[in-house]
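What follows is a single structure, written as structure tokens, with notes after it.
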């Protein structure tokens with residue numbers, strides 16, 4: 001696989017973007033047989049994966065990736081619970097920032113359900129735009145994490161207008177870059193190769209290089225903060241476990257999706273297990289923040305049967 005080429009990736013993994021990018025090479029058999037110079041002017045179906053999870057028909061509605069959809073629905077409700085718990089920690093560091101991040105993840109889950117499950121069918125006029133929005137939201141989440149990682153060094157005060165403006169700016173920048181590069185690639189507004197393959201170099205670079213660098217910044221910052229600053233090794237374990245789940249999910253999606261699909265008789269593919277691992281990674285991300293922060297209610301009042309007291313021993317009521 002050459003850098004910037006989605007043909008091998010899409011032949012092994014049924015990513016939503018594969019329906020809107022084209023390649024002159026199509027791998028059509030499970031023994032990796034490749035057909036070159038396909039008539040893409042006639043067969044304009046994107047890059048077809050060798051194996052993918054079968055669809056089901058419910059009330060005359062075709063639903064794709066039903067297993068992956070189930071995991072994303074679970075993730076949707078789990079994120080609602082996480083957002084509620086984040087909002088409850090009133091004085092915790094990064095409360096507003098992490099709340100906004102998880103809210104963005106919630107919107108990403110909604111668009112993932114739309115493009116993965118066939119709510120907007122591949123081939124429809126709206127599909128390239130919806131996939132671009134999904135990729136834009138994924139990029140926004142990655143870019144926000146780089147800011148959240150730096151927040152642990154207290155370079156600026158959390159929850160302030162400056163802090164939120166920086167977070168909004170980074171998320172907007174990540175969304176715009178990923179969305180624009182995606183839609184320009186899908187609609188082929190800049191150039192078209194002579195063999196009619198989609199030029200995906202820019203999209204590949206943004207998705208797998210720039211966004212990955214943002215994630216790397218977040219991981220490095222959190223490890224430094226948890227080990228050197230907080231000396232909280234439970235938090236360190238949480239982030240390492242999250243990294244493990246995330247990497248495992250990517251490997252299952254991009255390397256073993258065909259094997260899983262064939263082994264499961266087309267009922268599940270790598271997308272199911274990849275989404276499950278990503279869900280665990282998000283849970284570990286939240287757990288790391290939860291263990292690294294306290295609800296410092298210095299002037300909270302507790303009431304017992306005899307008298308009023310506070311958690312600050314210097315203050316008496």
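Cβ atoms are placed via backbone N, Cα and C, with glycine included.
Here the structure is a predicted model, which means the values were calculated and not measured.
Copied over from Swiss-Prot, here are the features:
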{"type": "TRANSMEM", "residues": "63-83", "note": "transmembrane segment"}
{"type": "TRANSMEM", "residues": "101-121", "note": "transmembrane segment"}
{"type": "TRANSMEM", "residues": "133-153", "note": "transmembrane segment"}
{"type": "TRANSMEM", "residues": "164-184", "note": "transmembrane segment"}
{"type": "TRANSMEM", "residues": "204-224", "note": "transmembrane segment"}
{"type": "TRANSMEM", "residues": "236-256", "note": "transmembrane segment"}
{"type": "TRANSMEM", "residues": "266-286", "note": "transmembrane segment"}
Check for me, if you would, whether the transmembrane segment (266-286) reaches the transmembrane segment (63-83) - at least 3 Cβ pairs under 8 Å, residues 6 or more apart in sequence.
yes
With the cut-off at Cβ under 8 Å and a gap of six or more residues from its ends, the chain residues touching the transmembrane segment (101-121) are 16, 55, 62-66, 68-69, 72-73, 75-76, 79-80, 82-83, 86, 127, 130-131, 133-134, 137-138, 140-141, 144-145, 148, 167, 171, 271, 282, 286
Would you kindly check 63-83, 133-153, 204-224 and say which stretch has the most C-beta pairs under 8 angstroms to the transmembrane segment (236-256)?
204-224
Within-chain partners of the transmembrane segment (63-83) [C-beta distance under 8 Å, separation at least 6 from its ends]
14, 52-53, 55-57, 99, 102-103, 105-106, 109-110, 112-113, 116-118, 267-269, 271-272, 275-276, 278-279, 282-283, 286
